[in-house]
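The following features are taken from TrEMBL:
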type	residues	note
ACT_SITE	B:Cys338	active site, phosphocysteine intermediate
BINDING	B:Asn275, B:Ile276, B:Cys338, B:Ser339, B:Asp340, B:Gly341, B:Trp342, B:Asp343, B:Arg344	substrate binding site
COMPBIAS	B:550-564	compositional bias 'Basic and acidic residues'
COMPBIAS	B:566-596	compositional bias 'Polar residues'
REGION	B:550-659	region 'Disordered'
Amino acid sequence: MEFAELIKTPRADNVVLHRPFYPAVEGTLCLTGHHLILSSRRQDNSEELWLLHSNIDSIEKRFVGSLGTIIIKCKDLRIIQLDIPGMEECLNIASSIEEQHCMGNTHRKQALSTLDSVTLMYPFFYRPMFEVVEDGWHSFLPEREFELLSSVTNEWRLSYVNKEFSVCPSYPPAVTVPKSIDDEALRRVATFRHGGRFPVLSYYHKKNGMVMMRSSQPLTGTNGRRCKEDSALINATLRAGKRGYIIDTRSLNVAQQARAKGGGFEQEVQYPQWRRIHKSVERYNILQESLIKLVEACNDQSHNMDRWLSKLEASNWLTHIKEILTAACLAAQCIDREGASVLVHGTEGTDSTLQITSLAQIILDPRCRTIRGFEALIEREWLQAGHPFQQRCAQSAYSNSKQKWESPVFFLFLDCVWQTLRQFPCSFEFNGHFLIMLFENAYASQFGTFLGNNESERCKLKLPQKTMSLWSWVNQPYELSKFKNPLFEANSLVIWPSVAPQSLQLWEGVFLRWNRSSKFLDEACEEMNNIIEYNKELQAKVNALRRQLAELETDDGMQESS
Amino acid sequence: MEHIRMPKVENVRLIDRISSRKAALGTLYLTATHVIFVENVSETRKETWILHSQISSIEKQATTVTGCPLLIRCKNFQIIQLIIPQERDCHDVYISLIRLARPVKYEELYCFSFNPKLDKEEREQGWKLVSLNEEYNRMGVPNNYWQISDVNRDYQVCDSYPTEVYVPESATAHIIVGSSKFRSRRRFPALSYYCKDNNASICRSSQPLSGFSARCLEDEQMLQAIRKANPGSNFIYVVDTRPKLNAMANRAAGKGYENEDNYSNIKFQFIGIENIHVMRSSLQKMLEVCELKSPSMSDFLWGLENSGWLKHIKAIMDAGIFIAKAVAEEGVSVLVHCSDGWDRTAQVCSVASLLLDPFYRTIKGFMVLIEKDWVSFGHKFNHRYGYLDGDPKEISPVIDQFIECIWQLMEQFPCAFEFNERFLIHIQHHIYSCQFGNFLCNSQKERRELKIRERTYSLWAHLWKNRADYMNPLYREDHSQTQGTLRPQTAPCNFLYKFWSGMYTRFEKGMHPRQSVTDYLMAVKEETQQLEEELEVLEQRLADLKKVQLNNRKENSKQQDHNTHLGLSTSNNSIANTPQDYINNVKSFPSRSPSQGDEEDSALILTQDNLKSSDPDLSANSDQESGVEDLSCRSPSGGCCLPSEDSGKDSDEAVFLTV
């Protein structure tokens, strides 16, 4: 294995680890192929820090005399400092980490096609220490999801037109489309949509039979190219005499400009039954810059309140949250309140489109607020829908290297879910930790779930055979217990979050996680659990006693009658 | 009554602030104490009650084709927008309200007509609930170091101080009187909090009349006496809570601050909290931001920053933290003052006391704290909160800021407080409501002269009676957070201070979390208690039954057994006979019922006020006296109109139009 060559100094003694709110720890630092490990030798306080190289976003070196200091900034936003005695050792370790760190990211530096470097990443080496009861790679198959749909409607079919990923490279092999549209028509529609992403079913609203579809932009170009199969496809989802809404996640201006590059939008004349709404949601590097600014504001050590608020404002992070949530509420409103079907798309249909369609489902569908349902949603609307995780999550807020495709699209989605959870604290089966865990794993993980950019790549990498699924680990009862919201009371209602600025808050669990002590908040969570656990315990006892009494009383009655 | 030009106006529209498309048609009534709007819809007859004393401003806006708009802003941050069809009627209502909202004598205030139907004895008991005598005893004074002084017996020395003041043992009447002459408004150093664990104390006063060079031997002796009362330390901190520049400017007027050279063993410290005028305008700016119609995130954050409000809150908290640290960690006594020692000093002393002493974080203790540092030491409630018509420049949200500091602490220490957010909100409401006599006037002296205790009721008794509504379910006396001094994170900590939506936009229900964790947990705890009781009954029955069966086997008389059995079950009939219902109850919490079975989208379970309504005046703009409960909060319509609004605000109106 070529890892060994990259590790110049595999081990250093008397290294001191500094983290905010914890006492400094002295110990031995070890570098392995995928981890940085610091273990303290003190018996009373044996502590180990394991850090995945792929979690490292940037490294800084400083020297004071012969004492070297390495500051490691992680993708999960944590910052740690290692004091390493000996200049040479320090330099060696720093460069080894950098090499390791770069190697994990080579897919970015080299061409995406060189999948080889991905296979050097930790998920391909990770061996689980737990027994796999349920293989997460098979937990959320499209066939299973389709079965659920078939129980309520027969207007849809599962098409394997993309079996070889030849019609649309970023779609999964199986997609749900209107029954009346055959595969041949789908192939033609694919040529009319950006990246071949023809309209597919995203969500079926059982309450009124309305649907949400998603796609990419139509390739109308400047000369107004049209495709009759395209309109036939989306019209097939309309009830007689009903109109639908197309939610375009770009401003009208941007959509018009897209025509010059061969893209475009649905013109009224060709889609008379559809009403188009432009709801602009920011994308790509604007979002990445927003993240960088926000994290910088959170790490600002100054005592100046005005500075904090103005930096928070300038980051625009909460503005993006408001935009995305508003667009999702709009889509949900069209479906639930207006009783209309909806098609959502932006340009590629792999980013803002997915934010909108998945959040709308959380608002509309109680199932998506359960743990299993939310996992299924991520599988359906993000992984299989072809959100390019590997590109988007290659760097986080600290990286100095030039950005390319990085963007916290999924991160923003998780933040929006957290905002909704905060407003409806009893309506979600999972808690904030669950969302944080997903954030961490999307950026650096021992599991293969978020590797690759789409199903086609995952297939080529043979991820299901060669790596462990995140869901296999999460869905074990012990792990799940940490992610359960004790306040959860299933309700079948549509939940409408407020998008007023006064209602949106900084996601402290992620952004302030390493900057403030969470001791007292953790205690509060624990107390909440205790209150509810004790209640359940009593309920069980009372029920058992009732049963016992009932039995005894019948016995009694029988004796009496005998 | 002579001020009411127009007791009733019909066909008035009440505008919904969030969605202006919605307006309720109804009748407006003016009474001696309230403005009442009653909706025409016959089933609900929804009522909105506003106390005159809550009105902070009335604005008559330009007449439009639909009528004449009248905007009423309240001190509890409610905003009411009415449209009155006739300009003349509107003018009459406006003129009447202007007068009604600014009474000229205390007797016009609501507390003199408010009658909760308690007898004389109950009223007196109510006033005895909070006793400062007991409180100082609890702290451990008088003792070897601190004595109670009668020097202010008839308010001879300082008319804004209480009659009973605690001073160091070595401070003679001569020293006290001498010192008082050297202090603004004769507010001499007196004990605010004593820490019996280490003898360190917090004392308070006004600024010294030092000018550029004046000295006062007695004042120097007074500070010396404070130091001596804490044998563990050889110096005291003197904390001037003003910005240095303000304090220096005061020197020109013959006032100022202590010169370290003149006082032996003091360490002098400025903590820049701005004055009441800055705070008034800061709140004004923040409320303007809250009033914006569908603001963008930037509008809101920029406005919040620009108001400086959170910066001021943090300054007050920092001062409290500094003092608490000096007392708890260094064991050093602190003398706190500002200019007159009745605004910033009250804020800072009470925040520090609450950080230091878990008692003040209980329901009872918080009442005692307000009574001690605010009411008894002559915080000018009447001037600051504008009970009577007076100088608008005297008005300032001083206690509001203190209350917010406590909320900010509750957010950081969720288990440390016995009370919940609702308790704070209700106290704020009643500071302005004038429904109870506690806060009337500007000093103890004035209150005694007005015979408040004989003529009005005490808020504390009222809150205490309903304390179940104010409990924090996460509070546990034995919890580590509950014990000892609270140590909020200091640096970096700007991000820990948050906009308090629950207070400043409390009437905009749609903005708040739609499910209240507090109420949910309270419901669970209540149920747990019932379960505990039932468990006991069941266990008893089981034991009896087993005994009975044993007796049966012994072929004892069946009749007798039956009797014992019946005897037991009847006494607990209500619980024992309803297991089936109970299980249902478990499935759907009582608190859920308001929304269930109604329109689906009233997913708005457990909103803050729809559950607990011991104080209808607060939760539903209704009035206890009237006996009419407002349905607004409890009815599902109150909640279900929300969903479409928030997202609808942007969708229905804004977006659909652009298509």
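Backbone N, Cα and C define each Cβ position, glycine as well.
Unlike curated records, TrEMBL annotations are generated automatically.
What TrEMBL annotates, mapped onto the structure for a quick look.
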residue  : record                                    : Cβ within 10 Å
B:Asn275 : substrate binding site                    : 15
B:Cys338 : active site, phosphocysteine intermediate : 28
B:Asp340 : substrate binding site                    : 19
B:Trp342 : substrate binding site                    : 27
B:Arg344 : substrate binding site                    : 27
Is B:Asn275 (substrate binding site) helix, strand or coil when read with DSSP? coil
Taking DSSP three-state, what's B:Asp340 (substrate binding site) in: helix, strand or coil? coil
Excluding B:Asn275, B:Ile276, B:Cys338, B:Ser339, B:Asp340, B:Gly341, B:Trp342, B:Asp343, B:Arg344 themselves, the substrate site's Cβ centre has within 8 Å the residues B:Ser206, B:Thr241, B:Arg242, B:Thr345
